[in-house]
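To start, the structure under review is shown below, and the notes come after it.
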Amino acid sequence: QECKCHGTSGSCQFKTCWYVTPDFRAVSTLMRDKLQRAVFVNSRNKNSGAFHPRLNKKRLQRELVYFEKSPDFCEKDPRVDSLGTQGRVCNKTSQQMDNCASLCCGRGHNVLMQTRRERCNCRFHWCC
């Protein structure tokens, strides 16, 4: 919520407030945290969609829940349009999702070293 004061010489005789959308980074951080804490709910009756969680219902009101496990994206699976991760280039020093531990799924990885020669069109200028 943001507010603005109205009045003579900056006094706050009237105050107008309105709701604003939160910062995108704040929302995405919150969603990432909720996704990492998501609670698996085992549905006993899959036809009706009813479930009987073993966890506290108050806790579930503010958490993300899921009732199907995610597919294994490491392996190729045409049913979910997953090409798998085999053959992709990973970044050995990265802490992000492109790191070798995430992409290689425990299969190990090969190190590729390349040397390139390129013309840089550099010039030396004597200045002094």
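From the backbone N, Cα and C atoms, a Cβ is placed for every residue, glycine too.
Cys3 (disulfide bond) falls within a strand segment according to DSSP. Residues or ranges marked as disulfide bond in Swiss-Prot: Cys3-Cys17 (among others).
Annotation for Cys12 (disulfide bond): spatial neighbours Cys5, His6, criterion Cβ-Cβ under 8 Å with sequence separation of six or more. The feature disulfide bond is assigned by Swiss-Prot to Cys5-Cys12 (among others).
For Ser9, the entry in Swiss-Prot reads O-palmitoleoyl serine. If you draw a 10 Å sphere around the CB of Ser9 (O-palmitoleoyl serine), it holds 4 other CB atoms from the protein chains shown.
The Cβ of Cys105 (disulfide bond) has Cys74, Glu75, Thr85 as same-chain neighbours under 8 Å, each 6 or more residues away in sequence. Summarising the annotation, Swiss-Prot assigns disulfide bond to Cys74-Cys105 (among others) and lists similarity to another entry as the type of evidence.
Counting only same-chain residues six or more apart in sequence, the Cβ atoms lying under 8 angstroms from the Cβ of Cys90 (disulfide bond) belong to Asp98, Asn99, Cys100, Ser102, Leu103, Cys104, His109. For the recorded site, Cys90 (disulfide bond), the DSSP three-state label reads coil. According to Swiss-Prot, the disulfide bond annotation covers Cys90-Cys100 (among others).
Taken from Swiss-Prot, the feature N-linked glycosylation site covers Asn91. A C-beta separation below 8 Å, combined with a sequence spacing of at least six in one chain, links Asn91 (N-linked glycosylation site) to Asp98, Asn99, Cys100.
Per Swiss-Prot, disulfide bond is recorded for Cys127-Cys128 (among others), and the stated evidence type is similarity to another entry. Taking the Cβ of Cys128 (disulfide bond) as reference, no residue of its chain lies under 8 Å away while being at least six apart in sequence.
The CA atom of Ser9 (O-palmitoleoyl serine) is located 17 Å away from the CA atom of Cys3 (disulfide bond).
Between the candidate disulfide-bonded residues, Cys5, Cys17, Cys127, the densest Cβ environment within 10 Å is the one around Cys5. In the three-state DSSP reading, Cys105 (disulfide bond) counts as coil. Distance between Cα atoms for Cys127 (disulfide bond) and Cys3 (disulfide bond): 58 Å, as a whole number. The Cβ of Cys3 has fewer other Cβ atoms within 10 Å than any other of the disulfide-bonded residues Cys3, Cys74, Cys100.
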